[in-house]
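Positions annotated as active site by TrEMBL: His307, His352. Feature annotation from TrEMBL assigns substrate binding site to 29-56, Lys435, Lys437, Ser513, Arg540. Sequence annotations record features per position, and here TrEMBL assigns Ca(2+) 3 binding site to Asn308, Glu337, Asp339, Glu386. Look at TrEMBL and you will find Ile642, Asp644, Asn668 tagged as Ca(2+) 4 binding site. Feature annotation from TrEMBL assigns Ca(2+) 5 binding site to Asp697, Tyr698, Asp699. Annotated domain 'PH' per TrEMBL: 20-127, in sequence order. Annotation source TrEMBL lists domain 'EF-hand' at 137-172, 173-208. Annotated domain 'PI-PLC Y-box' per TrEMBL: 484-600, in sequence order. What TrEMBL lists as domain 'C2' is 603-728. Residues or ranges marked as O-linked glycosylation site in TrEMBL: Ser188.
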Amino acid sequence: MEINGIAVKDGMEGDEDLSFLLMGGELLKVRSNSWKKSRFFKLQEDCKTVWHESHKSRRTDQTFSIDDIAEVRPGRRTEELQKYTEELAEDRCFSIIFKGRRKNLDLVAGTEEEATKWVNSLEKVINNVRNLNSQQQTEHWIFNCMRKADQNSDNKMSLKELKRFLLEINIEVDDAYAEMLFEKCDKSKSGYLEGSEIEDFYKLLTSREEIDVIYGKYAQTGGQMSARDLLHFLLQEQRESVSLEDAQKLIEKYEVDDIAKEKQHMTKDGFLMYLNQPEGMILNPAHKDVYQDMTRPLSHYFISSSHNTYLMEDQLKGPSSTEAYIRALTKSCRCLELDCWDGSEGEPVIYHGYTLTSKILFKDVIKAIKEYAFKTSEYPVILSLENHCSMEQQKIMAEHLTSILGDALLTKPLGDQVPTTFPALEELKGRFLIKGKKLNSLEDAFAGNAAGEETVSEDDEAADILTDEEKKEKESKLKLAKELSDLVIYCKSVHFHGFDHTRDNQAFYEMCSFKESKAEKLAVDSANEFIHHNVNKLSRVYPAGSRTDSSNYNPVPLWTAGCQIVALNFQTPSAEMDLNQGLFLPNGKTGYILKPAFLQDEATEFDPITLTRGPWLQHKTLHVMIISAQQLPKLSKKESSIVDPLVKVEIYGVQQDLASKQTHHIDNNGFSPMWNENFQFEICVPELALVRFVVEDYDAVTQNDLIGQYTVPFSSLQNGYRHVPLLNNCGDFIPSARLFVHIMAVDGD
């Protein structure tokens, strides 16, 4: 086993595209009209890292990992390439779009063929890396660290290089232990490890005592697990409703030893392979794809929603970008906000009014939304218009919406009768719904009656940042173009005048928007009324204007009050965004989650504050054992910096269910820390509960740093021994990093 024999090459040996990337080539890097420079790009031997350098200075610029790439986008399809390159260069351009906040890499190849080759080759390697199983990811990560530690690139490992390697993989050991490991593997007594000795070292390093114990308990057939032994484990520990045939299928699917597989046995390696697959993960695999009833009315679902979607950073002077819409859509966001203002040359623009945030063309945003709306989810997208435009530019907005979105834009109610309720979510697949002001009622529009007044009261969330004096000076009435008004069907914006008024006067398609403070007050003081309101009407909640740093509020109390559209700043990594990602993790990542039955019932007596008796009270006791973690990432680039991890388990839901418990921290071990700590939680309303696992780097002086986290609805947990994947602060998976836990949810007293 050579140090460079890395798992990413599996299935790609001799591949033409891989060879092309390993050879590298010249590309023009574009940043502005005046900054266009030739750089030599090349995939490194680890098949994971791309570096580029200037030929003139021979200076190596930034490197990046294949894991950091969100998308390779052919053509002039970023704002920068559209601004700084000619249309004639369309087929020679491509962009590398990164996860998180890293800027795009905009590139121009010498020929169209060359650009196509780069795009296809990068996509092939990216897909290969993403398709590695967990064991291959671990091998890939470890051997990449070995390669870095092998300073003289001789495919051998000296004692000094072994110590360096241990630091690379996030573990600090004393010299005596390092020497013991080295001597144990250096069977040739040559003073360095090579070939099979490195393989022995790898096995020694990756052996997992906790897996040995579990496997040993159930491997009762000649030291291996028979299909019946595995069935016993699945019934006893995993609490799964399975048969002997199911156990046999798992052996067929995951056993790595052909001789054992022939006997219908599972070896320890096969058992570990199973535990690292979807069947062994904490998220119930039956909930991974769409599993909920999608034929209920639109108001019966929680809807993943974004606030000020156009912003990449803060609310005062940060950049606006079409890229922000693309990122939100790829994270299953289904309600986007468009803050529309008059632009120059007759074209409306989007930006955060009264601030120094940059402006983007309305039509460019609609084009980007059209292209990316249904790539992650095929369920409807709501475009929430905050309209500050003149009549003339509103007509242009309406023209762009109809011409760009085409038949996908809903311009009339479904069916041939005047609607009295929302259509089923399933019926709205692939459609765009416009939320905004409307001049007349849906009934009048359906009957073909002309619209009334041209003026409507203006919803101006952007004005939240103004002083009271400045707000008074603003005009409160807006002239509304009929062309734009007619596009509003099921989401007509109206002001909230109290629950008595809405009950008697508000049609199902009329929806209110609430500032977070107002919504939070209603969710406490009038929770049951709020829930009744949200059974057949939509409510949208948005962050306070004072959150100029684009911070977020806690969405959970609003979800427990039945609010569907709880809009968050998607551009800001935060615990609140983790909860949003967790809630919408199951059900195929559609961006829609069916509310519990007691939040769909017009006669419900549910109140998340008082918690009177009812079908929502299903007391559960949740036992969580935090056993271990594997391959936690280093947080500092300093070689000597090793994390001191601890794990928190947090419960979110109704007030009575809120809880948080944590393990002790482990000194200097991010590679294979072990805790074996037990926690118990009492949960009253499990259908509204979220469980969040948080791994932090302990710091006695300052605030702990986040290493990774994973949030999952209580109702989607699997019992038994489970691996928990970890996401970084931007919500992206951390390759090979995971927790190992034991979960048991049982009926409470």
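Note: Cβ is positioned from N, Cα and C throughout, glycine not excepted.
Here the listed stretches are 20-127, 137-172, 173-208, and the one with the most C-beta pairs under 8 angstroms to the domain 'C2' (603-728) is 137-172.
When the binding-site residues Phe41, Tyr698 are compared by the number of other CB atoms within 10 angstroms of each CB, Tyr698 has the fewest. The 10 Å shell around the Cβ of Lys29 (substrate binding site) contains 17 further Cβ atoms across the protein chains shown. Here Asp699 (Ca(2+) 5 binding site) is compared against the recorded positions Thr49, Ser188, Glu337, and the shortest C-alpha distance is to Thr49. Closest to Lys37 (substrate binding site) by Cα-Cα distance, out of the recorded positions Ser188, Asp339, His352, Glu386, is His352.
The recorded positions under consideration are Asn33, Ser188. Their Cβ neighbour counts within 10 Å are lowest for Asn33. On a Cα basis, Asp339 (Ca(2+) 3 binding site) lies 6 Å away from His352 (active site). Looking only at the binding-site residues Glu45, Glu386, Asp644, Asp699, the densest Cβ neighbourhood within 10 Å occurs at Glu386. In the domain 'C2' (603-728), helix, strand and coil residues by DSSP number 9 helix, 60 strand, 57 coil. According to DSSP, the domain 'PI-PLC Y-box' (484-600) comprises 49 helix, 23 strand, 45 coil. Counted with DSSP, the domain 'PH' (20-127) comes out as 35 helix, 38 strand, 35 coil.
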